[in-house]
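Chemist: The structure is given below, and queries will be raised subsequently.
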Number of protein chains: 2
Amino acid sequence: MEINYPGGTRANHNNLKSKPTRFNTNYGDRGMGLESELNASNQYYLAHDIAVIHKKPTPVQIVRVNYPKRAAAVIKEAYFNKASTTDYNGVYRGHYIDFDAKETKNATAFPLSNFHQHQIEHMRKCIQQGGICFAIIKFVKTNDIFLFKATDLFQFWDAQKKGGRKSIPKLTIQELGYSINYQLQPLIPYLEAVDQLID
Amino acid sequence: MEINYPGGTRANHNNLKSKPTRFNTNYGDRGMGLESELNASNQYYLAHDIAVIHKKPTPVQIVRVNYPKRAAAVIKEAYFNKASTTDYNGVYRGHYIDFDAKETKNATAFPLSNFHQHQIEHMRKCIQQGGICFAIIKFVKTNDIFLFKATDLFQFWDAQKKGGRKSIPKLTIQELGYSINYQLQPLIPYLEAVDQLID
């Protein structure tokens, strides 16, 4: 519902309060829920000396900074950069771990457009060095979460490049991937699926 | 020399040009030279399929974003966050690699104040998981670069906490660390020292 002020003036949608909302709408729709859940899980793993895995900061190109005081720099102009890698990496049981987390509203398939070419290339190079790479995929409509191996992802990625389908059927993800059930601590126990990859 | 405009008006030091300079002065003094050199070296390692090691983006707390167009978000207010980890990590020869790069103008010792408690703790936890952790230390007056093992760093860090000296003598770094000589490609061949750590 749109609220009109007396006299027909439209509500001001440019006030300070509306901006963080728009920010969330544009950047948080895909991944913010899953991202928070994974961050909480990684905090649990870190606090319990199980693994050291962090989300990398959002890459930002800083153009202009103000220094009202020496200690309090304010960035006044900056732009979002495209990430050149995946979002998460770290170390677990002697292994280099590298993955990206993706949410989809699609009920029956995971669209490959969620990935960028450079992220696929990054994972290929990490695997070449002996790292363990995968995607954490969440179907938000049903809250289903899967760990899907990067090597399986590559098959669909490469097929798409040759004219194949632009998404991975959920049935295939259920078949090839590892289903992860929410629990209390950690919220998303994805390292149990990583254990199966390692062993 | 300060330029005064006719009529005694002082030059405007708030113009666009002056701001990036001040930014460089405050944030780039310590580490920018070494950082660029390491980034170039890591690019070389990546391009030649030798290792996948990246510098993490600067952590920034984004407060306000404008969307003049849908595709062109401009960050209008943001703040620098303290990093909770080291700056560099990645995978090499099956090993998780994690390090920080530090420059010092000091000629005879490396001040431990270059590190923060949380960085030390992060490296301890990575080693516990089987990662390889170290510092790349550059003495800028003489352009001497060393790889210094995190486990050696911890000795000095812990001694300092018990009232010991607040720096590591350069002689000690020469003795315990691995000297790295600049070369053409890569500029800083620090993985040769990592090879010695692994083997």
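The backbone N, Cα and C atoms fix where each Cβ goes, and this holds for glycine too.
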Chemist: In TrEMBL, the residues A:THR85, A:ASP87, A:ASP100 are said to bind Mg(2+). Which of A:GLN61, A:GLN119 is said to bind at that same site?
Modeler: A:GLN119
Chemist: Can you list which of the recorded positions A:THR85, A:ASP87, A:ASP100, A:LYS102, A:GLN119 come closer than 8 Å to chain B, going by CB to CB distance?
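Modeler: In terms of proximity to chain B, the recorded positions that count are A:THR85, given in sequence order.
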Chemist: In whole Å, how far is A:LYS102 (site 'Transition state stabilizer') from A:ASP87 (Mg(2+) binding site) when you measure between their Cα atoms?
Modeler: 10
Chemist: Name them in sequence order: residues not among A:THR85, A:ASP87, A:ASP100, A:GLN119 whose Cβ is within 8 Å of the mean position of the Cβ atoms defining the Mg(2+) site.
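Modeler: Other same-chain residues near the Mg(2+) site: A:ALA83, A:THR86, A:TYR88, A:ASP98, A:PHE99, A:HIS122, A:MET123.
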Chemist: Quick one: of A:ASP87, A:ASP100, which of the binding-site residues has the smallest count of other CB atoms within 10 A?
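Modeler: Taking A:ASP87, A:ASP100 as the binding-site residues, the minimal 10 Å Cβ count falls on A:ASP87.
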Chemist: Expressed to the nearest Å, what is the distance separating A:GLN119 (Mg(2+) binding site) and A:LYS102 (site 'Transition state stabilizer') at their Cα atoms?
Modeler: 12
